[in-house]
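*Asks:* A single structure is presented below for examination.
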Amino acid sequence: MVHERWKTVGSASQLEDRPRDKPQRASCSYVLCTVLLSLAVLLAVAVTGVVLFLNHTHTPGTAPPPIVSTGTAGANSALVTVERADSSHLSLLIDPRCPDLTDSFARLEGIQASILRALSEHQAQPRLDGAPELLDALADQLPRLLTRASELQAECAGLRKGHSLLGQGLSTLQSEQGRLIQLLSESQGHMAHLVNSVSDVLEALQRERGLGRPRVKADLQRAPSRGARPRGCANGSRPRDCLDVLLSGQQDDGVYSIFPTHYPAGFQVYCDMRTDGGGWTVFQRREDGSVNFFRGWEAYREGFGKLTGEHWLGLKRIHALTTQAAYELHVDLEDFDNGTAYAHYGSFGVGLFSVDPEEDGYPLTVADYSGTAGDSLLKHSGMRFTTKDRDSDHSENNCAAFYRGAWWYRNCHTSNLNGQYLRGAHASYADGVEWSSWTGWQYSLKFSEMKIRPVREDR
């Protein structure tokens with residue numbers, strides 16, 4: 001219909017313009033064609049916009065998009081044709097008498113190709129039927145995402161701070177490591193110096209030991225009541241020690257009553273009648289750990305335990321025995337592999353020169369070592385007896401409390417026969433039944449027995 005109207009208008013214009021001159025008609029035709037071409041371009045752009053708008057709306061995806069095409073430059077052909085979804089066509093025509101607009105058509109075809117390409121790319125993208133709901137969900141998620149982003153930023157700042165602190169800590173540790181290495185180096189030097197000093201002290205002690213034996217013997221001989229005794233009991237049925245019991249005819253080991261010179265009330269003791277000729281008065285025994293030896297001063301002064309088993313005779317009684325004559329000491333030892341050793345001391349006494357032996361702490365006098373166990377007692381000679389509640393040693397600490405025993409500690413010990421019964425090798429240091437010269441400071445012996453006997457005239 002548009003085409004027919006265009007023809008009618010064209011015919012009328014030809015009839016009316018016949019009297020006019022040709023230049024005027026050509027000018028009008030040129031203007032009219034230009035206007036129509038502009039309208040066609042605007043219409044094509046408008047149609048393209050409508051198509052894009054329709055593609056963005058939530059319409060069912062089954063209807064095909066409109067098809068836009070252009071015609072050729074021949075007569076009676078449409079400039080632009082739009083085929084709608086309902087198969088109807090919209091055509092824009094142009095008068096064939098218009099000037100040659102081949103370049104314009106080429107530009108329009110380029111525009112058409114761009115529009116079609118844009119439509120094709122747009123249609124290739126998936127349609128978002130739930131776009132509003134998605135936008136609402138995104139709007140709901142956005143605050144949480146922002147909050148989480150803030151939290152992550154804070155965590156990142158914390159991690160940076162922690163990294164900085166770790167760096168500072170590593171620097172500090174490196175400094176401490178250097179300082180410790182320096183201290184260890186200095187300690188090694190001090191240790192070497194200490195070892196040399198200890199070696200010098202040991203050599204001096206050995207020299208003093210060699211020089212001190214005659215002096216100790218002289219002191220023991222000067223003790224008024226410690227002369228050599230004749231055989232047999234001084235007053236018939238009252239033996240002063242186990243040697244008197246042996247000389248009275250008793251040959252069996254066991255418990256007997258004795259009556260020392262300075263202890264007329266008497267007390268019972270266990271007598272060893274077999275070792276080295278017999279006649280030994282036992283004052284200490286460890287054999288099974290059944291008796292607690294970690295006790296105080298009063299218990300060690302009075303004695304405790306069972307005479308036929310583990311026991312300590314008592315400092316008061318040992319003093320009474322060793323002040324009535326010159327005594328020798330024999331120490332029997334056994335480990336948990338049934339190995340045995342002994343230590344013998346030719347001179348032994350407790351509180352020999354004390355007016356008040358308890359006040360003086362029952363000091364030890366011992367000399368003249370021989371045997372197979374090695375000497376671990378001479379270092380303690382001259383020391384007072386120390387218990388956990390009465391400290392008489394030369395250490396800053398209480399050796400009895402520290403090494404869980406009671407002994408004539410110096411600083412602190414080379415033997416600890418009244419220590420804990422730890423049954424062989426142990427991780428702790430020097431707190432077992434120890435005789436260091438034989439088994440070291442980390443082995444607790446299975447058996448120990450300390451016994452005394454008067455020095456006989458025939459020796």
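Just so it is clear, glycine is given a Cβ too, placed from its N, Cα and C backbone atoms.
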*Asks:* Say a student had to find the N-linked glycosylation site annotation in Swiss-Prot: which of Asn235, Asn338 would be the correct pick?
*Replies:* Asn338
*Asks:* Can you figure out which of Asp391, Asp393, Tyr403, His413 (the recorded positions) comes closest in space to Tyr429 (site 'Implicated in ligand binding'), comparing Cα atoms?
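*Replies:* Spatially nearest to Tyr429 (site 'Implicated in ligand binding') by Cα position is Tyr403.
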*Asks:* Measuring Cα to Cα, how far is Asp391 (Ca(2+) binding site) from Tyr403 (site 'Implicated in ligand binding') in Å?
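*Replies:* With distance taken Cα to Cα, Tyr403 (site 'Implicated in ligand binding') is 13 Å from Asp391 (Ca(2+) binding site).
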*Asks:* Using a 10 Å cut-off on Cβ-Cβ distances across all protein chains shown, tell me which of the binding-site residues (Asp391, Asp393) has the largest neighbour count.
*Replies:* Asp393
*Asks:* In whole Å, note down how far the CA of Ala430 (site 'Implicated in ligand binding') lies from the CA of Tyr403 (site 'Implicated in ligand binding').
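*Replies:* Their Cα atoms are separated by 6 Å.
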*Asks:* Report, in whole Å, the straight Cα-to-Cα distance of Ala430 (site 'Implicated in ligand binding') from His413 (site 'Implicated in ligand binding').
*Replies:* 8
*Asks:* For Asn338 (N-linked glycosylation site) and Asp393 (Ca(2+) binding site), determine the Cα separation and express it in whole Å.
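*Replies:* Taking the Cα atoms only, Asn338 (N-linked glycosylation site) lies 33 Å from Asp393 (Ca(2+) binding site).
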*Asks:* Would you kindly give the Cα-Cα distance separating Ala430 (site 'Implicated in ligand binding') and Asp393 (Ca(2+) binding site), rounded to the nearest Å?
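*Replies:* Given the Cα positions, Asp393 (Ca(2+) binding site) is 16 Å from Ala430 (site 'Implicated in ligand binding').
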*Asks:* What average pLDDT is reported by the model for the topological domain 'Extracellular' (55-459)?
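*Replies:* That region's mean pLDDT is 82.
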